[in-house]
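Structure first, then comments.
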Amino acid sequence: MADEIAKAQVAQPGGDTIFGKIIRKEIPAKIIFEDDRCLAFHDISPQAPTHFLVIPKKHISQISVADDDDESLLGHLMIVGKKCAADLGLKRGYRMVVNEGADGGQSVYHIHLHVLGGRQMNWPPG
């Protein structure tokens, strides 16, 4: 977790990201789901037994810059996350998280939905 916080503190908005490279298939990822609007894949640094990300193919750097036109797409990410969680056997529950900005732990400036499960989640999370 400390490593993720360190990454978030030095991450900068703007420019191409690792997620853009994954969308374009320039670098490999363990893809769970893909359609014309989004991509779901396993996190390379899992924080739970099951930890995957759902990202839009449209570049939106962070939730604070999303606008009303993005509403359907952002909802679609949650529905895809729910379906992937079911496909991966997360029957007892899971957590969906979107990090916003450096203080919120955002380490990649391409909005992404974390889905974590396979263990009891703690509260508060941070």
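Just so you know, the numbers here start at 1 and follow the chain as drawn.
Using N, Cα and C of the backbone, Cβ positions are placed for all residues, glycine too.
Swiss-Prot assigns the feature motif 'Histidine triad motif' to residues 110-114, out of the candidate ranges 20-24, 25-29, 105-109, 110-114. Applying an 8 A CB threshold to same-chain residues 6+ apart, the list for Asp43 (AMP binding site) reads His51, Phe52, Leu53, His114. For the recorded site, Lys21 (N6-acetyllysine), the DSSP three-state label reads helix.
Counting in whole angstrom, Ser72 (phosphoserine) lies 19 from Asn99 (AMP binding site) by their C-alpha atoms. The most crowded of the recorded positions listed here (Lys21, Lys30, His112) is His112, judged by how many other CB atoms sit within 10 Å of its own CB.
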